[in-house]
Amino acid sequence: MEGRARGLLPFVGMITVVLALASNMVVMKMALSDGMNKYTMAFYSNALSSLVLLPCPFIFSRRSGSYPPLTFSVLRKIFLLAVAGLAAQMCGYVGIDCSSPLLGTAMMNLIPAFTFVVAIILRMEKVNWKSLSSQAKIVGTITSILGAFVFTLYKGPPILRSPLPPSVQPHRPPVLLPRQSNWILGGFLLAAQAFLLASSYIFQAFILKDYPVVMNIMFYVMFFLAILSGPLSFIMAREPQSWILKFDAGLISILYSAVVVTTFGSALGVWCVKQTGPVYVSMFKPLGIVFAVGLGFIFLGETLHLGSPALHASCQADLQSPPCMKTYEDPLHDVRFERDDVNKYGHPLL
């Protein structure tokens, strides 16, 4: 009985992680729709995340003998990782502002496909057209990208209207482009975010090889993100009122993103990977679309279109295929950690 309950913990943990990510996009969309400046929100979220993670270097420094030293070379790589993270963050904020949390969650399913593409570009992955695993990767990649393009360019007729009256729906400020053009722009920006995140994951694997302390890396990434996003926010948000925080959706979004998603969600996700492996974790990604549809429909007053379940079926088709999910993990085989490295540093790695 105890073993069965322990086996359910990763399942409950991944449900919690996926729900946190999907709800974070919904809260972010509510804050942006209420007039919160996306650049100041990014800066406040990064700064608060770094403060929450600040104890990590002091906690893990007590076990410094179990870990390799933090060198300037590692810090330089972490800084470059933060630069890519800032670009991905800005693409995500603007993309969500132009589209919806549903599209943002759906585009995150492109990360495994883009990881495969980046691995080919970096010559970490060789394509053998006669190999079943290579065929599964190629089919999954094409299906994912085509599904994302279909959902971006074709929403389809409405099949379920919003339960909220017009006076209750979140305020949407005027936009420079027509609504359909903003949706398409948001889709391409969110796809760019997925590509940057896929590249970051591969780069992060190399960093973990040299410095396998996950929470410390998270702190330094958020610290550099706060430093990088500060000047950008001051340039893009010069109005003083943009920096004034009120007890509204903007403040809730900052707190939720920094505490729940960045700290709790990331730590829980890493724990689930260590307990079950990346294949099990990847099976829960399409579930985020279901959460995004429901939360957006209830809290944002979004209309459910035919393209939404169509894209969900597409994601299920390619991501839930066990051969495809298994082979998507292979591009990182060159940077996987040997058993001797784990014993040397006394800490299990990703």
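Including glycine, each Cβ sits where the backbone N, Cα and C put it.
Fair warning: this is a prediction, and the values are worked out from it, not measured in the lab.
According to TrEMBL, the features are:
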DOMAIN    13-151  domain 'EamA'
DOMAIN    186-306  domain 'EamA'
TRANSMEM  7-27  transmembrane segment
TRANSMEM  39-58  transmembrane segment
TRANSMEM  78-96  transmembrane segment
TRANSMEM  102-124  transmembrane segment
TRANSMEM  136-154  transmembrane segment
TRANSMEM  183-207  transmembrane segment
TRANSMEM  219-237  transmembrane segment
TRANSMEM  249-271  transmembrane segment
TRANSMEM  283-301  transmembrane segment
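Remote same-chain partners of the transmembrane segment (183-207), defined as residues 6 or more beyond its termini with a Cβ less than 8 Å from a stretch Cβ, comprise 74, 77-78, 80-81, 84-85, 87-89, 91-92, 94-100, 103-104, 107-108, 110-115, 117-119, 122, 124, 148, 151-153, 155, 177, 217, 331-332, 335, 350.
Under DSSP, the residues of the domain 'EamA' (186-306) split into helix, strand and coil as follows: 98 helix, 2 strand, 21 coil. Note on the domain 'EamA' (186-306): mean pLDDT across this stretch is 85.
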